[in-house]
Structures are given as C-alpha cells and as structure tokens.
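Asker: Could you have a look at this structure, given as structure tokens, before my questions?
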C-alpha cells in the first residue's frame with residue numbers, strides 16, 4: 001500500500017476537513033440546545049483524530065497524484081466518508097443499527113435521499129440539518145470542495161478532480177488551473193444555495209426549514225425534516241420556488257459560472273443540452289397532465305398540473321422531494337417519471353443518471369445508424385450543436401450506457417433473488433443508481449427503505465456510490481488490472 005501513500009495522505013486531509021465541517025451543525029446544536037451537542041462532540045473528535053492519524057502515517061512519500069491515485073482516492077473517499085458521516089446519527093440514536101446509519105450517510109453524501117428514518121418531525125434541528133448538509137457537501141463533490149479550498153492538493157488535484165467529475169463531452173475545466181475551476185463551480189453552487197434558501201423563506205418557510213431544504217434542493221438530494229416531505233407544508237409558493245431551483249440545479253454548473261462571469265444569459269440559450277433538457281421536461285409535464293385528466297378522469301385540472309409539474313421536475317432532476325404519493329397514479333405515469341430520472345439532469349450538474357448529454361449523443365447515434373441503413377455510403381457525423389462528437393466519445397458513451405443497463409439488470413436480479421418483489425427491486429435499484437431517492441411500491445414516497453433487509457440495504461448503498469461516481473470510476477478500482485503496478 002506504500003504506493004498509494006500520496007492518495008491515503010490526501011484522504012486523511014479530506015477526513016479532517018469533513019470533521020471540521022461537522023462544526024456547523026454542532027454550532028446550531030449548541031445555539032438551540034437541542035440535545036445533540038454531545039453526539040457531535042464525539043463525532044468530530046473521532047473523525048478529526050482518524051484523519052490526522054492517517055495523514056501523519058502516510059506523509060513520508062511526496063509526489064504528485066497519478067491517474068491510479070486519483071481513482072483510488074475518489075473511490076476510497078466515497079466508501080469511507082459515510083462511516084464518519086454516520087457517527088452523529090449513531091451517537092444521538094444508539095438504537096439505530098450501523099447498517100441503517102451507514103445507509104443514511106451514503107444516501108446523504110451521494111445526494112440520493114433514500115431514507116431509513118421515520119419520525120423526522122421529532123428529530124433535533126441540527127440532526128436534520130446534518131442530513132441535508134451532507135447532500136450539499138456531496139452534491140458538488142467532496143474532492144471538488146477540497147481542491148477548491150486546499151491548494152495543497154493542487155499538486156495532483158487534477159487527477160482526483162477528473163476521476164470524480166467525469167463528463168461525456170464537455171471539459172469541466174473553466175480555467176487552466178484546476179483549483180480555480182473548482183472554486184468557480186463552488187461559487188456558483190454557493191450563490192444558488194443562498195438564493196434558494198432566501199426564496200424559500202420568502203415563500204413562507206421558517207428560517208430552519210428554508211435552510212434545510214435549500215441544502216437538499218441545491219444538492220438535488222431529497223432529504224427533508226418532515227416525514228411527509230415538502231407536502232407537509234401544502235404551500236404552492238414553496239413548491240414553485242422548489243421547482244425553479246431544482247431546474248437550475250439540474251443544469252451544468254460550468255454554464256452557471258460562465259453566465260455569472262459574463263453577466264449574460266447567452267451561455268444558457270446557446271447550449272443544446274439545456275434546450276433539450278427543458279423541451280423534454282415540458283413535454284413530459286403536458287403528457288402526464290393530459291393523461292391523468294382525460295384518460296384517468298382526474299377532476300381537478302389545476303391540482304393535477306400542480307402535482308405533475310412538481311413530481312416530474314423533482315424525480316427527473318433526481319431531487320426526490322414529494323408533495324403527495326404519486327404511486328397512486330397509473331403505472332404508466334410512474335414508470336415514465338422513473339425513466340426521466342435516468343437521463344434528464346445535465347452533465348456537470350448535481351443530478352444523477354446517465355445525464356442529458358449522453359442521452360443526446362445516443363439519440364443522434366441511433367438516427368445516424370438509421371440513415372446509414374438506407375444510405376450505406378453516407379458520411380454523417382454525430383453533432384451536438386455545431387460540434388462534431390469524436391468517435392472516442394461515442395465509444396465511451398456506448399460503453400457507459402451498456403454498463404449502466406447491465407448494472408441495473410444485475411443489481412435488480414440480486415435483490416429479486418433475496419425475495420424482493422420485482423417492481424420494488426427494479427425501482428429501488430433505478431432510484432439509487434440515478435441518485436433519485438424514492439422508488440415505487442414498497443420504496444415509494446408513501447414509505448421508505450427501512451423495511452428492507454440488511455443485505456438489501458448494503459446492495460443499495462453500493463448502488464448509490466456506483467451511481468454517484470458514474471459507474472466506471474468505482475468499477476475501475478474493483479478490477480484486478482488496477483492493482484497491478
């Protein structure tokens with residue numbers, strides 16, 4: 001393992017920073033005297049000391065992080081950090097099992113929002129704040145955060161950054177220096193979070209509810225401090241604000257930053273990915289509203305539109321907040337939303353799934369193959385906007401899409417083999433791989449993941465990490481080739 005000392009050294013730093021970030025909910029707990037202060041004291045001490053020991057034990061080897069180091073660091077970070085993220089939950093709720101605490105922390109950091117907890121309304125504010133704060137930390141990416149605020153990692157931060165932020169087409173580097181790129185992305189992320197929280201407060205939420213849900217929305221996570229999720233408030237203005245900011249969070253943060261720097265909306269209007277994003281969402285809202293009203297006899301047009309618009313945006317962008325139980329809808333509508341959640345979010349956003357850019361490339365490739373069938377000698381490059389897609393990118397997208405489908409099929413079969421009903425198993429895997437949160441049937445919005453077995457929860461925790469790292473980054477570390485030096 002000495003060859004990985006630079007990566008382990010960086011991991012130690014990340015763990016220490018993560019421990020320091022727990023100081024935020026600790027401060028809230030002390031201020032409100034909500035009974036969770038001791039839990040945070042224990043968690044912060046344990047986390048910081050563990051990180052310090054790892055950093056001190058591996059600081060002998062000094063060199064830049066290489067490609068192998070980047071993959072190893074990212075995979076290790078997303079597996080190990082939830083262990084420490086679970087500590088405040090375990091310390092405050094001793095009856096909570098380690099499996100449930102780890103599952104909740106993985107769901108928080110991967111911005112999935114699949115919960116095993118109930119009685120959220122009665123939990124201390126600081127505990128619910130920590131749950132959604134993990135969304136916010138993990139939404140943009142822990143590595144991106146560290147590269148942004150810790151120039152010390154700049155010596156090799158590019159490899160870790162690239163491993164954590166894979167993009168199918170666009171280069172996420174807004175500036176030649178990776179540290180400046182990370183800072184730019186986090187600036188856009190921070191400003192959107194502040195604007196979201198302030199808007200939710202103006203819409204009628206109290207300060208803590210607004211802050212908790214702002215972290216959830218900006219990170220496209222889905223945790224709430226209410227068992228009934230956002231439906232608890234029954235506030236149309238709050239729902240409209242959530243829709244707007246979920247749509248913004250589903251866009252590429254590089255585009256947000258460019259629009260901010262240039263003080264222009266042209267980066268949005270000229271982006272074909274964003275155009276397709278809004279087109280598909282608008283079509284889906286109209287389709288499901290008409291379907292529920294005219295084919296299923298829903299009598300309240302405005303109420304139907306309200307519910308459909310919110311859930312289409314929330315599930316599609318992988319936010320996962322709900323205002324009512326959409327599993328009472330016909331199966332067609334439920335499957336349609338689950339399908340949207342697999343690709344709607346733009347590349348470079350905090351959303352999950354295969355991303356809109358890959359879906360567009362696949363769509364254009366299918367059209368090209370149809371034309372080639374009719375005109376074998378035709379030369380028709382795949383284009384996104386005015387840019388031709390290189391064959392290397394096409395092959396990567398096809399490989400990723402195949403691996404994505406195999407992952408869903410294989411993980412679903414594993415859950416079905418454990419006795420889980422097919423629709424529940426498939427929707428749970430899809431919801432966790434796409435980092436959406438709620439699924440269908442037994443894991444729908446009217447329930448949660450608590451009733452699953454220990455093994456099923458570990459499978460889905462693995463699935464959430466797999467989805468957050470867009471599959472390949474994590475699978476690379478599991479191959480024998482990776483460990484051959």
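Backbone N, Cα and C define each Cβ position, glycine as well.
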Asker: Which candidate from 112, 115, 327 does TrEMBL annotate alongside 220, 221, 435 at the K(+) binding site?
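Answerer: Of the residues offered, the record points to 112.
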Asker: Ranges 155-174, 335-354: which does TrEMBL label transmembrane segment?
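Answerer: Range annotated as transmembrane segment by TrEMBL: 335-354.
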Asker: Using a Cβ distance cut-off of under 8 Å, indicate which of 70-93, 184-202, 236-254, 393-417, 458-483 has the most pairs with the transmembrane segment (38-58).
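Answerer: Stretch with maximum Cβ contacts: 70-93.
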Asker: For residue 435 (K(+) binding site), which residues of its chain lie six or more apart in sequence with Cβ-Cβ distance below 8 Å?
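Answerer: Long-range Cβ contacts: 110, 111, 112, 113, 220, 318, 351, 352, 353, 464, 467, 468.
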Asker: May I ask for the residues of the chain that lie six or more residues beyond the transmembrane segment (458-483) and have a Cβ under 8 Å from a Cβ within it?
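Answerer: Cβ under 8 Å, 6 or more out: 68, 71-72, 74-75, 78-79, 82, 99, 102-103, 106-107, 109-112, 114, 138, 163-164, 166, 352-353, 400, 403-404, 407, 411, 414-415, 428-429, 432-435, 449, 452.
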Asker: Other than 112, 220, 221, 435 themselves, what residues in this chain have Cβ atoms within 8 Å of the centroid of the K(+) site's Cβ atoms?
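Answerer: Everything else in range on the chain: 107, 110, 111, 113, 135, 139, 219, 222, 318, 319, 320, 350, 351, 352, 436, 437.
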